[in-house]
């Protein structure tokens, strides 16, 4: 018999989030005047808790800020849905069991909200308060919970229903009738609508015929499985369709035209189209991982090297539909699914770094709605508009989807949170806002684009899956099944608004990244075995759940399979067979394992605490059988699925698209009378051009230690990088580059041009990285369109043809991977008026290439004049691949002036791009380029401004050479008789030159090398379109000159604040507004010197060298708990310093496989132990403190005279909670939520204090940049420690070297800038920043140039690890 209890916990909302929620609730009922929230913990135990056990549980569940006294009001208890076990509960229960509480059956968490109304005069006299009526309660409740995973109950006692086991729902059959085909078809049509299957008429006929031949009725399981496996999302029916356009049969499908690129340029591609990700050729790399069989005396594997041919994975996915419905989980699971695709390639691989992109409709920011954010018809010529006309208001949106602003507040956090917790850096991406009324059709992205992509690495020997002998075990690895994401594949294939609201919401998955981390650790352990890898084949579980993944796994090997439904790992009771088999619960993989290898695989899973289950086995007969072990063997319910594989995955009817092209007459962009001052600022404020900082600092960009170029550039950390770059390993400088290109608004005017420009932009972006040749470039193409809307199908076909049959073949590059999402329109009814928003054909290109030397990557940071008043010593040159056409159609200028245009930028000649790429590579190799930035959204104006922002300087631009008559343009960069060559109106030509978004780039070169640069450009045929346009200035002004007159001048600070405005506003709606204001105001500091390192020691000195020379290598335990993700780079740094590094999981200590006594020291690594359940690092610490064996072992270790330990980030949080058993740590604080209430990923500066720490010996007084990546780094002395007595090792300092609490220089608000503390004897030190991620200079997004050349290229932080080795003697 279970025994239930409820333990109240900490505050669930910070003060500013409480105030924000109150503002929302006041819009429901203005009389609501207070809201509070407190965590509740519901505990189910197998036996009554003793007083000691209850006290232990209370201590376990004490974390965060104490709750205030209860207040009166309406109570709302939000808890997980009955019958489910939440991810939080799984981790908390596991922690409890590790804390010597075996009788705990389960711990669940809820939140009790108390909503209080005003007393009012009469109620004030009687002492009473207004109670909410039922309608208001329902409206309030809707804002307090996620109805997919949570419910609202009225009392705490009702929460005990969480532990009820619900009865399983029955299998259903669809009766097709005995002989009446029409009746059978009608029954299937009804099921199609009821279940949201999205089956076409042809598919319904196919299924009726197939089941008549099988002589039985289909089950709901089979229908749901078929619908997911054959959805547009999974089978890409439109891309494989036959086409007729304007009555003319087309000879190729869309997919055939994409494949054409690979057929013509297969070189360098290892895997294309046949797996979860594409694979391009890499190179020899030093792979670094724990080696099985090296356990020796320690019982755990030692880290080591293996030189191996290592290839690069490429994958880019979209998750548009879920993000429209529920932005945080939609984007989170989009990122998670793409990561799984990489890990499930071949026979197992390792994800490495990510990209993220968003496209939405107008944001309509509160108190900052822009003049162009309305429904004015842009097809009306500007000259015909009456200035007094009032523009129609915004088009609105359906209730069932999130607003664009909500998507951009919640979606990026969802995607970043998954990447952060899983442990993959996100290094690049894009953000576009587009919405315009064009001739009565609203074009935009109410159904957003949410794109997640990335790269990974795979051993050359693991790139292809193996065959599956009959009897091969079919295993589910990872998270449990729950009723989540039902019908997601089918739902995402429908236009938003054509499904029911409940089915739309059902189709959104929810994420648990810590679980996926555990599963990935198992995959890593498998591929690390090389030829002994037990994985024969692997697939990720995505659309359709295991009902799609398991059949794909066996179909690829020409096998059938038999599964037992009751062996599927679940954490929800009451599921029907269809819900068990078809749900899209995340963090799952399906694997094929040979029976003989299973014991070893099982041991790996148990060590990582990764759930797994053997669900079935492969069969020779190609029949798919799913049996229900709970049903009698002779009952019809015993076989929820029993069908030939070729019925499920064979050849359902091939789609035929019969479409037509639709011509449209649009006016050209009219710039007559436009005010340059206004337009310049409006363009910078447009979200597409504006700073993306709010999307970037929320993400971890350094985990793994292999990144060298992220979005942030220079000592002022401005987000303007063109390309993301990683290294292949921790030793060399070869690596990979990736970037994105997209120009979707152009498709409204000329869809094929938009496709060509997307590829062109990807090339001009990636050109910033040193790449041997353009032929090494590989592209991913993600295609979006509103198929079915008149003219859009033909536009899609023409765009794919332009890319796949023309441009890519001409460039000699291929597209080995991609995805499509072809239901990009939103329909709804607004008070009887039918409305819709139709997205343009949208090609998002991601480009990938091997990099020869990551140190040569170019950035947009301008190098300023040598000193104030001196003549400019550098020159800016624009390379204009538009050859002076200055086409404005679809540009940001057109959008902010509410125009569309009829002529767009285009790639006129593929040879231009090839010559451009070759010229930039040659100039870079010769060391002639100081800065580089491609021209894109916002045109030359935005390009130059961003370069100045990154350089923290002014710039003077002369547009004379850009306003010439194109027929008389010089082939050299100097003006010659320009006054005689000018034609047309000068002001108009200036606007076109500044704001046209033609392909090209601006380069900064030493003035002394200008002639040599032009010689190279002339060699590549580019001199005629290359022009000297100016230079940095010392005035801090951004100036535009024409005809020897200054036509525009504004302070860089003013323009940079305009450019940052959108980011600041969105961050202020999401994070602590005091912090976001502080960051915004930092732009006012004109004299800010930027990051300013100062070293008090010799960077080239290796203090560990004499001790390494003895040959002694002390053992260092690289300690991790489930969810930790920074152990690999830490192990490398320790190994480089002269230690033997061993991989020690807490499960190893619990199982007795090893003991801390076997090691000289340990490092507790960063990440998200237990997903930060029970507080960051606290769950990890409590499994030690409340477990007698572990507490004794750790206490003994700390009390040894020769031991040392380091805690970093999550390890710092954990060790701070161990302070009671660490000698000399009594004054240590806890580390709690950042003052910004946000995860902070930044490069900041710390000062090394004089302290006893052995890790900082000889570094005192140094100011050194270091990365932070945490959400809970605030040194909190309110519950523990003594700020007056604590020994501080590091403090955050500002760019002038002063200790600071100013955000974001102090990223968490810690008092007195505390970033690290140590014990009185200095042997045990903890710090929140990550030195292990920047032990090489090249790992920093910015560092002084001389650091990379010093010694072995180590950064100053390598001294920490070498100090530890020196301490060991």
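From the backbone N, Cα and C atoms, a Cβ is placed for every residue, glycine too.
In Swiss-Prot this protein carries:
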{"type": "ACT_SITE", "residues": "1209", "note": "active site, nucleophile"}
{"type": "BINDING", "residues": "330, 331, 332, 333, 334, 335, 336, 337, 338, 339, 340, 341, 721, 936", "note": "ATP binding site"}
{"type": "BINDING", "residues": "722, 761, 765, 934", "note": "Mg(2+) binding site"}
{"type": "DOMAIN", "residues": "1116-1369", "note": "domain 'Glutamine amidotransferase type-1'"}
{"type": "REGION", "residues": "321-352", "note": "region 'Disordered'"}
{"type": "REGION", "residues": "373-400", "note": "region 'Disordered'"}
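Recorded features from Swiss-Prot, shown on the structure.
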residue : record                   : CB count, 10 Å
330     : ATP binding site         : 28
332     : ATP binding site         : 31
334     : ATP binding site         : 27
336     : ATP binding site         : 31
338     : ATP binding site         : 31
721     : ATP binding site         : 27
722     : Mg(2+) binding site      : 26
761     : Mg(2+) binding site      : 27
765     : Mg(2+) binding site      : 26
1209    : active site, nucleophile : 31
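When Cβ-Cβ distances below 8 Å are used as the criterion, the region 'Disordered' (321-352) is approached by residues 146, 148, 271, 275-277, 279, 313, 315, 400-402, 406-407, 409-415, 417-419, 422, 424, 446-448, 450-458, 462-466, 485, 488, 491-492, 494, 496, 504-505, 507-511, 513, 516, 519-520, 523-524, 526-527, 533, 535-542, 586-587, 589, 704, 706, 726, 736, 821, 823, 826 of the same chain, each at least six residues removed from its ends. Helix, strand and coil counts from DSSP across the region 'Disordered' (321-352) read 22 helix, 3 strand, 7 coil. Just so you know, the Cβ of residue 340 (ATP binding site) picks up 30 other Cβ atoms within 10 Å once every protein chain is counted.
Note: the Mg(2+) site is recorded as 722, 761, 765, 934; in the same chain, 723, 739, 741, 762, 763, 764, 766, 767, 768, 933, 936, 1001 also have Cβ atoms within 8 Å of that site's Cβ centroid. Distance noted between the C-alpha atoms of residue 761 (Mg(2+) binding site) and residue 330 (ATP binding site) is 28 Å. Averaged over the domain 'Glutamine amidotransferase type-1' (1116-1369), the predicted model has a pLDDT of 97. In this structure the C-alpha atoms belonging to residue 721 (ATP binding site) and residue 765 (Mg(2+) binding site) are separated by 9 Å. The local packing around residue 934 (Mg(2+) binding site), expressed as other Cβ atoms within 10 Å of its Cβ over all shown chains, amounts to 26. Nearest by CA distance to the residue listed as 'active site, nucleophile', out of the binding-site residues 332, 334, 722, 765, 934, is 332. Residues 330, 331, 332, 333, 334, 335, 336, 337, 338, 339, 340, 341, 721, 936 are listed as the ATP binders, and the farthest two of them sit 32 Å apart at their Cα atoms. With helix defined as DSSP H, G or I and strand as E or B, the region 'Disordered' (373-400) counts 3 helix, 1 strand, 24 coil. Residue 1209 (active site, nucleophile) carries neither a helix nor a strand DSSP state and counts as coil.
A Cα-Cα distance of 25 Å separates residue 336 (ATP binding site) from residue 722 (Mg(2+) binding site).
Rounded to a whole value, the Cα-Cα separation of residue 330 (ATP binding site) and residue 934 (Mg(2+) binding site) is 32 Å.
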